[in-house]
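S.K.: Handing you this structure, nothing more for now.
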Amino acid sequence: MRSAPTPLQKLAGAQASAASPDHHVWLSASAGTGKTHVLTARVFRLLLKGVAPENILCLTFTKAGAAEMADRIHDRLAAWVQMDDGTLFHDLEALGELGSPELCEKARRLFAQVLESTGGGLRIQTIHSFCQQLLAAFPLEAGLVPGFRALEDREQKALARQTLAELVQDADARGDEALMGAMQALSLRLGEAGAEGFLLRCAQRQGALATLPDDVEPVVRAALDLPEGDLDVWLADQCADGAFDLATLQWIARANADWGTARALPRCDAIAHWLALSPQARVGGLADLHRVWAKADGDPMSLAKGWAPPVEGYGDAVARMYDWCAALLGIRLRAGYAALLVQALYAGRAYADAYSTAKRLAGAVDFDDLIARAVALLKTGGMADWIRYKLDQRIDHILVDEAQDTNQRQWDIVEAIGAEFFAGEGAHGDMVRTLFTVGDFKQAIFGFQGTSPENFARAKDVFRTYAENAGQIFEDLSLARSFRSTPAVLEVVDETIAALTGQSLGLQEARVEHVSANRYPGEVMLWRPVVAGDGADAGGEENWAQDQERELAARIAKQIKEWLGSGLRLESRGRAASAGDVMILVRRRSELARLIVARLYEEGVPVAGIDRLRLNAPLAVQDLLAALRFAVQPLDDLNLAGLLVSPLIGWSQDELMHRAMGRRGALWPHLTQSADPQVIEPLRALLGQADFTTPYRYLEQILSGPMQGRRRLIERLGSAARDPIEELLNAALAFDSDERPSLQRFIDWFDRGDVEIVRDAAAQGDAVRLLTVHGAKGLQAPIVILADAALNPDAGRRSDMLEMRGIPVIPPRKAERGGPIDVIAAAAEQADREEHWRLLYVALTRAEEKLIVAGSLGPRAKGEVPPESWFAAVDRAMMGLGAEWEADARWEQSRFWRGRERLSPRPDERRKASVAEAVDLPPWLHSPAPAEARPPKPLAPSAPVEDDVPDPPPDAAMRRAAERGRWFHALFERLPAVDPAERRGAALAWLARQAGHVEPTERDAIVDQVLAVIDAPAFADIFGPSALAEAPVAAVVGEAVIAGTVDRLCIGDDLVQVIDFKTGRAVPAGPEQLPPSHVRQMAAYVAALEVVFPGRRVEAGLLYTAAPRLIMLPDALVAAHKPGLGGQQDNLSPMAVEPGVQAP
């Protein structure tokens, strides 16, 4: 059950403008700036404006994002139904609306209105979900069968593999040597997995492939800038004596002959041999000739002393011949690449057609079909208008979240459904129809799905042009004030981007600057990379992992354990860190991620496991599958051995070796003859159940039956094994319902597909989270560790995503590059580099207070951090900020940055109460309690009124005054306990969190006024350590119960003083000018305290903070206003608002 939503934060500046629903807005929002808050605020304002819920369309990138947005909106609307007027007024004003009783009533009705709307609520969807809904309404118009289904990921992969297998079998049966040869060439070049990936990309680009002619070779050769006609003839012509610089080549030969060294003479022979050949033969000898001036890798040979003849002009001559020869060899290699590409496209087109047919026969579509068919449907002549008419509803407002993750085809859909906003009635009618888009192209990190900052910028230009042509307002806004990260973190982020330059991220701006709303500085740490050979030896069970990664994982786990054990303080939260405050980010799910999880588990640190993993990878799943495999094939010795040493059976390695070594024949018959019957009884039980149950029941029996498999697995493997176990059960249950269930069929089905477990990282409880940077998008944590920041990005760079004019192409090798393909490959590499740096931005901005950058270096690095790595970029930034390396016991050296300004840590709100000294018990403690008076209700001195007429809802000025008064009272309560030198920083930090919507100058003025009161010598006793703050007071006075809370209570042996703060700007000159309500309030407190402290004098005073001035009330004035019996009760009321002033 979710808790009630907190009051809305007031929108200010660009946030307020963006939430205004009367014009188009394009909002660029940096990380942590509250973009979702703005988007939901705009939805609320649209609903309050009277827009029907079904006419609002919210599109986002992921199902999780759509669910979060829907939850936020529905939770707030549900809370408004029963929210008190004051809080609801606050929410409406925070949105930028003018609160009124009528608007409150309208807000309370919105929840029911949304539930009763067409379609059952707001349309908050992923773009794929929207497309599926659209196509389901118009299947025939979209060229689909009614009742089609969208393929899930596993189904899609299974259908793709089945299609490929059938295509190859059919080609073999028909004797299609061209297709078989193309498939073979593709597999030899890319490998099995690479070939499958290329074919799938061809299936995704079926439309582009369909534009190619049947004979694609001329098209490919022209695209690669290759000469027309027979290439061998063309090359022979280029090698004829009159076609190249023969004189220079002969001069090089003579220079080497004159030099006469052991290096020179073979060059003379090579040139002479090549010149003696016919032009046709010279083509085959170009590679041998090229070795005269090139190294084995193709680069130019050194011309240093001792390597080249000491003849003037030799270097220039060699350079000319090198370029000529390299160009011919490049063309020859590109021709071979072109021939391969022709075969690849032939195979890709055949596969794309076969896959499309397979989907049509299955009555299914995949995610790419949803987008492509929706675009076609919405852009087909007059079809789009007719479809919107047939839908019986109009989309009047579109809101796009995570716009940087929207690819071009998805933008086509947004443009198609929003085009009506800018034309016809949409442009010139009375109804205002709007587009709202929010995103951050610094966070465009899904290039493998076709997204890019260019798409984001291009879409903005398109819609801006539409709006300008229609005479509509299109506001381009940005948010840079982060409510997430501390100044130190943002300073490092800004300096990192500045050092890289914005263009390195693919950004238009040269420099990006963030502003932190968090007053606590935070901290950034750079741990010296772990180098191969550091720390632990390379032995042990994990010798498959590189030793530097094992050492890094061990150090990270020990560091986190130390933090948690020592109570590492989170300054901005005023408490010690817990395991759930730590997030570890990795670039990819490598062995390092698994090692970190294992080491944390060994150290006793709660850990949630990796955010996403293959279902067949966890040990718990492998152990359970070993049990299933044994049940269907008990003679598989390797599988049985693995089962025996698993937690399910529990043998040790020594026990297995003792029982299995020296046997004759298979292991299972040997065990049945030699082992103790009790030892093998669990195995017999597994065999006994195999033929009489379904896979799900079989697994459940293993886990929950006499074997107690679930308990055994979790005891050995930790709580991280729970999710894989449950997902395996879910898979078995799904198989039971969809297939003819048997253990062998389930094993075959499971082995054919990859099932991923996706853990909800936001719901892992108090445990360390480990995620990839892609998986962490949208999440945050107080402490973030970038664990593999020293990776060389070139080592993991994608090389399979090249396209030429929308058509997939095989990545060329280095020697095959040149001409247009070189430009395409270079552009792809540049896009990868830009995304590499944008991914770093996303990683850095996940941190709230503490950011740590770490990594490891393998033997090939030779102790040098790759200059293009994240670690190197952050190191350069911190060095530019002035951060120095410091000695570190665990990491040898660490670089720290704690911000340009250090403020005081937040006072701990969980102070330990001191044990009171023993005192003599008062006499009244030993007497029977008197009978209590029972008036209709307790009287609240803090809320006096003049009459019984209910007040109207407070206006905006009264609410602002009340809010301001609450801040004053809270600071008067907290600051006296803070060291005087740290009070200002603590006050500003507290106000920044509680009153972030208020201008900094106003917050400074509040702090100045509060400190002027607290630090004044005249008020030292009031704020001294013996004074009680916010002290509750309750007593029976006559027949009335008086109850309330006093701002300050000073208790002495003979004198008790009660002081109340008044934060209004009007300050009376003396007691005679005090408002009667204030006097009655204090008189009531005096009367109550005289009952609580009999025999002591009680004085009352009002401290007006604006002056500041303390006015003590004369005894006579107090006596005249004390509450008595009967009618005097009317002078006090339980209302919470003090007229003209704030509620204390």
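Quick reminder: no glycine exception, Cβ is built from N, Cα and C everywhere.
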S.K.: Given 94-129, 922-957, which one carries TrEMBL's region 'Disordered' label?
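M.R.: Matching range for region 'Disordered': 922-957.
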S.K.: Given the binding-site residues G32, G34, and counting only Cβ atoms in the protein chains shown, which has the most within 10 Å of its Cβ?
M.R.: G32
S.K.: Indicate whether S30 (ATP binding site) is helix, strand or coil by DSSP.
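M.R.: DSSP assigns S30 (ATP binding site) to coil.
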S.K.: Where's the emptiest Cβ shell within 10 Å among the binding-site residues A29, A31?
M.R.: A31
S.K.: Counting all other Cβ atoms within 10 Å across every protein chain shown, which of the binding-site residues S30, T36 scores highest?
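M.R.: Checking each of S30, T36, the winner is S30.
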S.K.: Minimum Cβ neighbour count within 10 Å among the binding-site residues T33, K35: which residue?
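M.R.: The binding-site residues T33, K35 were compared, and K35 has the fewest Cβ atoms within 10 Å.
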S.K.: Please give the average pLDDT for the domain 'UvrD-like helicase ATP-binding' (8-486) in this predicted model.
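M.R.: Overall, the domain 'UvrD-like helicase ATP-binding' (8-486) comes to a mean pLDDT of 89.
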S.K.: Centre the Cβ atoms of A29, S30, A31, G32, T33, G34, K35, T36, go out 8 Å, and tell me which other residues of that chain have a Cβ in range of the ATP site.
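M.R.: Near the ATP site, beyond A29, S30, A31, G32, T33, G34, K35, T36, sit D440, L479, S482, F483, R484.
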